[in-house]
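Below you'll find the structure, written out as structure tokens, and then a few comments.
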């Protein structure tokens, strides 16, 4: 999640990028009536997001299989703004967003939160901040233990991540010596990754801090080596041409013509044969007023609609808790109360420090023209600042309970965003008094993130209308441990910018005000300022075969069914130490192998 850049008229962006051509082997259809009537599909992928396009691409390697992808949003070809790295901050709440809102959060004083989810081919990989983080070794080893699939352990899964990755220098061909460990990366995969950076004075000061405060903020050569603790150069899913690399631009562009993609059509339900347990028929429509169509897969349906929509589709299909389904008038075919539960996300707050450092503001329209002309300039970068920091709290700050995956996992992330004259947007929570713009020169803006929330939320349906948004309850700060950890994160950030390196250029926080220091005052600030970091997972969690909890088995099959698997963020048991993009790609790569092997 990043603060939005100045809003651009998407029509003007489209005009500016009119000559921008995107090609791939898959055949794209704009309307259900356009689908060929003489093709029987072996696999139907319900959702063309990050995971769905990976699965479709990998299955297409078998030339005898025909695959159909059904995506609710438009093609990324029709949303060229998704290709420009510097426009990432303008995509939330745009035409390529579902624009979800949570229900009022009790621990936040009844505030509802915006909950951005992508509605475009490529899903969140076409829409996110492009940060490339794998999580910790502890995360993967713990996921392997709790799912019963040792194929997810770090040592087993690292080759999968490397296989998918194509690390290279960025458009500027700058050296990455001292920025990454080349041995930790793949160089021949489909997904482009760079470690692009700008030469701002802030970089040098941060690196000085890693020497002065090395216990809390050590320098980390590569944030993706499995032990993410310290300050590191950020890596992004951007290619060497300074364009976003998404599942649509990487995986889909490499597919064959045995993949058909239907955009602008929403999967509403998955039907079973004779109301039994074999689910292979997909119902879909353009909108609530359009006729519904049904297609049946010869082999399987792969549900890949995301952490919000996948449980919604299952519940509307009769898979969920019996009492909940009865309450909305849906017949229960598979009674599983775990469906829609266990929503795991990360809580964050923005911090602003008064600073005399040079600002990183730029003219967005001029920068877009520069990018369009030469694929260079501010729009070519993933962010205006170049580092992430991960902090592991001391045991005495955890009150005897460690929510992380293990001793090599951090509790807190700092994502440095920009140095700007702009204050938070008008729609940001501002019950805490914002500074007078005339009283400060510029502000250093960063996000402080609690990576491991103890509190889990849920997805619940209001009714059986498949086009109605579900109720999203993050249950943010439902457990007091979560706000306590984020509070310590704020204090950690203040220690960083009280270091000798910053003493002459950073003058303390203005959001929250510098005098907000006690537990009580910081908690009050966090209850009015906390936001979701939009890294939700877990609503259809994977669990061991025959477990009494969870929704999918380690082979990604929905428990108690045949013909139906789920492959997306919803199956990941809890959010990792970092961003969720790479785990979603990796789970999808892993699932693709398992699916293909089952038909070998």
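Quick reminder: no glycine exception, Cβ is built from N, Cα and C everywhere.
Summarising the annotation, Swiss-Prot assigns N-linked glycosylation site to 99 (among others) and lists sequence analysis as the type of evidence. Around residue 99 (N-linked glycosylation site), the same-chain residues at least 6 positions away in sequence with a Cβ under 8 Å from its Cβ are 93, 114, 116. Under the DSSP three-state reduction, residue 99 (N-linked glycosylation site) is assigned to coil, being neither helix nor strand.
According to Swiss-Prot, the feature N-linked glycosylation site maps to 114 (among others), an assignment based on sequence analysis. Around residue 114 (N-linked glycosylation site), a 10 Å sphere centred on its CB holds 16 further CB atoms from the protein chains shown.
Other Cβ atoms within 10 Å of the Cβ of residue 127 (tele-8alpha-FAD histidine), summed over all protein chains shown, number 28. Annotation comment: Swiss-Prot describes 127 as tele-8alpha-FAD histidine.
Here Swiss-Prot flags 173 (among others) as N-linked glycosylation site. Counting every protein chain shown, 9 other Cβ atoms lie within 10 Å of the Cβ of residue 173 (N-linked glycosylation site).
Proximity of residue 199 (N-linked glycosylation site) to non-local residues of its own chain (separation of 6 or more, Cβ distance below 8 Å) is seen for none. What Swiss-Prot records for 199 (among others) is N-linked glycosylation site, and it gives sequence analysis as the kind of evidence.
A helical conformation is recorded for residue 275 (N-linked glycosylation site) in the three-state DSSP classification. On its own chain, residue 275 (N-linked glycosylation site) has 318, 331, 333 as residues at least 6 apart in sequence with a Cβ closer than 8 Å to its own Cβ. Here Swiss-Prot flags 275 (among others) as N-linked glycosylation site.
Look at Swiss-Prot and you will find 342 (among others) tagged as N-linked glycosylation site. In sequence order, 456, 458, 538, 539, 541, 573, 574 are the residues of the chain that are 6 or more apart from residue 342 (N-linked glycosylation site) and have a CB within less than 8 Å of its CB. A coil conformation is recorded for residue 342 (N-linked glycosylation site) in the three-state DSSP classification, outside any helix or strand.
What Swiss-Prot lists as N-linked glycosylation site is 399 (among others). Secondary structure from DSSP puts residue 399 (N-linked glycosylation site) in coil. Non-local contacts of residue 399 (N-linked glycosylation site) by the CB criterion (under 8 A, 6+ apart in sequence, same chain) comprise 481, 484.
Neighbours of residue 507 (N-linked glycosylation site), defined as other CB atoms within 10 A of its CB across all chains, total 16. Among the features that Swiss-Prot reports, N-linked glycosylation site is placed at 507 (among others), with the record citing sequence analysis.
Swiss-Prot lists 535 with the feature active site, proton acceptor. The number of other CB atoms found within 10 A of the CB of residue 535 (active site, proton acceptor), across every protein chain shown, is 25.
Long-range Cβ proximity for residue 546 (N-linked glycosylation site), meaning a same-chain Cβ under 8 A and a gap of 6 or more residues, is found for none. DSSP assigns residue 546 (N-linked glycosylation site) to coil, not to a helix or a strand. Sequence annotations record features per position, and here Swiss-Prot assigns N-linked glycosylation site to 546 (among others).
According to DSSP, residue 579 (active site) sits in a coil region rather than a helix or strand. According to Swiss-Prot, the active site annotation covers 579, on the basis of similarity to another entry.
Within its own chain, residue 579 (active site) has 128, 129, 131, 132, 133, 535 as residues 6 or more apart in sequence whose C-beta sits under 8 angstroms from its own. Cα to Cα, residue 127 (tele-8alpha-FAD histidine) and residue 173 (N-linked glycosylation site) are separated by 25 Å.
On a Cα basis, residue 507 (N-linked glycosylation site) lies 36 Å away from residue 173 (N-linked glycosylation site). The secondary structure of residue 507 (N-linked glycosylation site), as reduced to three states from DSSP, is extended strand.
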